[in-house]
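Shown next, in structure tokens, is the structure this report addresses.
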Amino acid sequence: MLQSIPGPQHILKALTGSLGLSTIFEPDHEASQNSFQCSKPELSCHAQYHGQDTCCFNYPGGQMLQTQFWDADPAVGPVDSWTIHGLWPDFCDGGFDQYCDSKRRYSNISLILVDSGRADLLEYMSDFWKDFRGDDEDLWEHEWNKHGTCISTLETTCYADYYPQQEVVDYFNKTVEIFQKLPTYQTLANAGIVPSHTETYTLDEIQAALAKAHAAPVTIRCRNRALNEVWYHFNIAGSLQTGTFVPSEPDGLKTNCPATGIHYIPKKHREPSRTTDTPSQPTTTGTPFKGRGNLIVSSMGGRRGCIISRGKWFASGTCATFKAKKATDDTFTLQSSKGICAFEGDAFSCGPHVTAPEEFSVQDGKLSYRGNTTFFADKAPKGRTQSTIFASQDEHLIDLAITWKERR
């Protein structure tokens with residue numbers, strides 16, 4: 001269990017009489033001691049909502065997902081551990097709310113934890129709750145603001161003697177607590193599934209190992225046929241702070257991994273071979289897009305529409321014509337009738353609001369951005385709907401690739 005010392009928030013409340021002095025040195029910080037007491041907790045997604053106190057019944061986000069990352073290139077976190085992604089309150093049918101309370105959107109998570117006497121928690125998060133871009137604080141802020149604010153039992157009114165940002169501490173503390181009980185790396189290793197540059201595994205092998213440890217199936221996510229994420233699903237009897245987490249079946253979207261040939265890439269770099277029969281071939285970039293053409297989207301094993309002039313993914317109608325202009329020998333820029341194109345705020349967009357064009361390249365015939373040929377979206381467009389394309393995976397569930405169809 002993580003150890004803590006009283007922070008300024010606790011000391012201030014003790015001195016002003018809001019907390020007894022004896023309580024500020026209480027070593028057990030696994031859950032808030034002044035959160036709402038629930039006499040007869042009901043299990044979320046099993047009991048029907050009929051007006052229960054949502055301080056004791058997680059609603060509407062009653063399906064809790066503890067999500068973990070395996071980032072191998074670039075390597076993120078310890079070589080023998082997965083890292084934390086977040087704790088997400090899904091609806092029982094797989095949908096979800098996001099950014100539920102603008103008044104509780106914080107940008108100082110580290111300071112909040114330290115001021116609450118949880119420097120121990122911050123230290124652990126700095127090792128195991130990692131952002132692949134290197135900005136851990138930004139990831140923590142994103143997870144709280146997008147997901148934490150949507151957990152009903154973390155509302156400030158659910159505390160008998162609330163101190164500022166107490167619910168933020170509870171969110172990160174509970175996420176770490178659940179993560180520590182789900183050692184994905186060790187669970188897979190116990191089943192003979194270990195990172196390797198040569199071995200591959202089946203989806204059934206991976207699912208069997210993780211489901212046995214979790215006591216319920218899990219959601220397994222891949223990127224370019226390689227293990228990338230695991231989602232553990234729970235329902236909760238009572239509040240997030242003090243309730244019982246019960247393993248549950250996955251909701252909503254299932255795995256995107258192939259049935260066989262799944263790679264589990266080591267985080268540490270491959271050691272060079274001392275002897276080789278033939279020299280290795282360097283990776284080369286493809287011929288840059290040029291002239292005028294369409295940006296064709298492929299996803300889920302087939303062609304799925306194209307990109308229209310403002311940079312959105314569209315499945316119906318006419319594809320936009322883009323101009324590819326040479327930037328260097330290996331790179332080029334893109335422009336539509338609306339204007340130049342770039343990733344702004346991680347989202348692909350074209351228009352007069354874009355101030356500087358992005359440089360792209362080609363790998364294996366696919367559009368490449370910063371070395372990646374896989375892009376992401378929240379959903380595949382249908383009918384007249386359009387979808388935003390993102391450069392990083394984050395929590396975007398659809399993988400896609402973009403190719404060029406030259407127009408003459």
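The backbone N, Cα and C atoms fix where each Cβ goes, glycine too.
Annotation source Swiss-Prot lists signal peptide at 1-25. The annotation disulfide bond is assigned in Swiss-Prot to C38-C56, C45-C92, C55-C158, C100-C150, C222-C257 on the grounds of similarity to another entry. The active site annotation in Swiss-Prot covers H85, E143, H147, and the record cites similarity to another entry as its basis. The feature N-linked glycosylation site is assigned by Swiss-Prot to N108, N173, N372, with sequence analysis given as support. The annotation region 'Disordered' is assigned in Swiss-Prot to 268-292. Swiss-Prot lists 275-288 with the feature compositional bias 'Low complexity'.
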Discussion item. With DSSP assignments reduced to helix, strand and coil, which class does N372 (N-linked glycosylation site) get?
Written reply: strand
Item to complete: Please name which of the recorded positions listed here, C45, C55, C56, C92, N173, is nearest in space to C257 (disulfide bond), Cα against Cα.
Response: C92
Practice prompt. For C100 (disulfide bond), find which of the active-site residues H85, E143, H147 come within 10 Å, Cα to Cα.
Written response: H147
Worksheet item: recorded positions C38, C56, E143: which have a Cα within 10 Å of H85 (active site)?
Response: E143
Worksheet, complete the sentence: Here the recorded positions are C45, N108, E143, N372, and the Cα closest to that of N173 (N-linked glycosylation site) is found at E143
Discussion item. Can you give me the same-chain residues 6 or more apart in sequence from H147 (active site) with a CB-CB distance under 8 Å?
Written reply: G86, L87, W88, P89, Q98
Discussion item. Roughly how many Å lie between the Cα atoms of C92 (disulfide bond) and C158 (disulfide bond), rounded to a whole value?
Written reply: 22
